[in-house]
Amino acid sequence: MHTSDISMTQDQDVSTCRLCHHNTDPNSLNIFDDTVQFCKDVSIAEVSKSLWSVQYDRNECLSELICSRCLEILEEAFELRKGMQEREQSLQEQLKEMIKDHPKHRPGLNGNPGVFVPEEGCIIVEVDPENLAESSEEEFALGSDGEYENYDDDDEEEEEDYDEEDEEDGQNGEDVDMPLGMDAAQMAAQQSVANNANTTEARPKRAFLCQYCDLGFTLPAECQEHELAAHDPNAPYCCNFCNIKLVTRPALISHIKTLHDPDRPYVCAHCRKGFVRRSDLKKHTIVHTGVRPFTCNVCSKSFSRNTNLTKHMRIHSGVKPFVCQQCPRSFQTAVEMMRHTRSHGEVKAFQCGRCPYSFSRRDKLIAHQQVHTRRDMEQQQQMGLIPPMEGDLQQQALQAKQKAAAQTKNSRYYHCDVCDRTFQRERDLQRHQALHMDSLFACKTCNQGFNRREQLQRHELEAHGPSFTCGICCISFLHQIELENHLKVHQLQHKMAQRAQEAAILPLKMAEKAPVAMTAPLVQDPQLVRPSAAELSFYSNMIPTMNLGFYSETRPEE
């Protein structure tokens, strides 16, 4: 083919429509340079690509024009797509309005669909999407002014939960002591890949909490089934102390603070442990579900919180980021550093009776006194006053003396006689000592043993059910103290009914005693207010069903 023929063919191709390859008119538009009215600021080539996914490349040998027929088809397709998107968006908004009040689709903490509506007092924290780790206490403290005033107590509770995770469930990985000269990477290489995979697959990955009682589940279906079956849609919030049902969460918290526990109104549904804030209760509930998504890559031990994993990793790395401002000592956790800082300003009130040394803490004094005891025993053995003792017997003698000194009156610190751990409360020491025993708490029904009181209570509730029943409303409870608290509500209702009857009868008695010609209005006692007809009907129907003899306050005649 000659050059003139190639030029003729090229001119003919350039003058045709790029979309349909038909001839174009002189008023045709350029698909790369021109824009249309129905889609401004976007070229025709980009509109065609978004509709039909066809990429048009610019080349001097190819046409850049579009005919009027293809332009009309392009406009119709664009308007059709735009209308479909608007109609679908409108349907989705109508669907949200229809299902937002249904219990199954209420927004909550368990992954239910719906529009998130923050509750009263809710703290919204912006989180980096690339670092979706669990927030620490310090991050939440920045968003509230008065909620985190007791910082020391919060840290101690967080440290206590960390110890509870570390002690209660240690089968994920054994405690590994890092040899000298070996870093974390070499230690991780020695771990078994198969054991790590089995441990990761055995544990659930996520916890789902009930939006009404914060009960934890590992499956969303179980959580939704619990919300529909265990909670009344009209009054879904139930008190864990007296089983009274309320409509809103603020009403429930006000009820608990007024009648039951003003300091810790948020109660765990598993073990009845109380918390100051609901965020602490949520973190504690995850421990009961067994969900531990944060795993140590050195010893394969897993944790339910990222903050606890960070503290645990400092054991392997040896990093102590918290440094005392008054001395060169450093610590792995903020709780240890704060406890040490208090020792600088405190008066050393614990004086050793055998030397001039004094200490600010009782446990330090006890550890110091053990040095004197050990020296006395060595001197007596050298002088032949007592026979030499075995190493285990000496250790047992020191542990017995330590335990006796720790449990004296007004003692603030309690020591474990097995592993030398120290606790500030005696109940924490008892709960820790249960881990060293086979079974400390036994079920009275089936004699099954448990290491913790919370496990025994959970077993009694799930296996045997409640055993104390109210004789008035037939509500059952697991413990007698719960029944007694519940009966106080009936007693209060009974007193209110008596006052209502007295207020209704008093005007009639006063009218009978007054003269007939007396026209002055009757003056009632301001403390006795006449109830409405609905209240009188309610109390009159309720009083015959009550066991009034149980609430009788009259003493028998002598």
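Just so it is clear, glycine is given a Cβ too, placed from its N, Cα and C backbone atoms.
Noted in Swiss-Prot for the protein shown:
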type	residues	note
BINDING	C17, C20, C67, C70	Zn(2+) binding site
COMPBIAS	132-177	compositional bias 'Acidic residues'
DOMAIN	15-94	domain 'ZAD'
REGION	132-178	region 'Disordered'
ZN_FING	208-231	zinc finger
ZN_FING	237-260	zinc finger
ZN_FING	266-288	zinc finger
ZN_FING	294-316	zinc finger
ZN_FING	322-344	zinc finger
ZN_FING	350-372	zinc finger
ZN_FING	414-436	zinc finger
ZN_FING	441-464	zinc finger
ZN_FING	468-490	zinc finger
Which residue counts does DSSP give the zinc finger (350-372) for helix, strand and coil?
11 helix, 4 strand, 8 coil
I need the neighbours of the Zn(2+) site defined by C17, C20, C67, C70. Which other residues of that chain put their C-beta within 8 angstroms of the C-beta centroid, in sequence order?
T16, R18, L19, H21, H22, T24, I66, S68, R69, L71
Assess whether the zinc finger (237-260) lies in contact with the zinc finger (350-372), where contact requires at least three Cβ pairs under 8 Å among residues 6 or more apart in sequence.
no
Intrachain C-beta neighbours of C17 (Zn(2+) binding site), sequence separation six or more, cut-off 8 angstroms:
N23, T24, S28, S63, L65, I66, C67, C70
Fewest Cβ neighbours within 10 Å, where candidates are the binding-site residues C20, C67, C70
C20
Hey, which of 266-288, 350-372, 441-464, 468-490 has the most Cβ-Cβ pairs under 8 Å against the zinc finger (294-316)?
266-288
In terms of DSSP three-state secondary structure, what is the assignment for C17 (Zn(2+) binding site)?
strand
Helix, strand or coil at C67 (Zn(2+) binding site), per DSSP?
coil
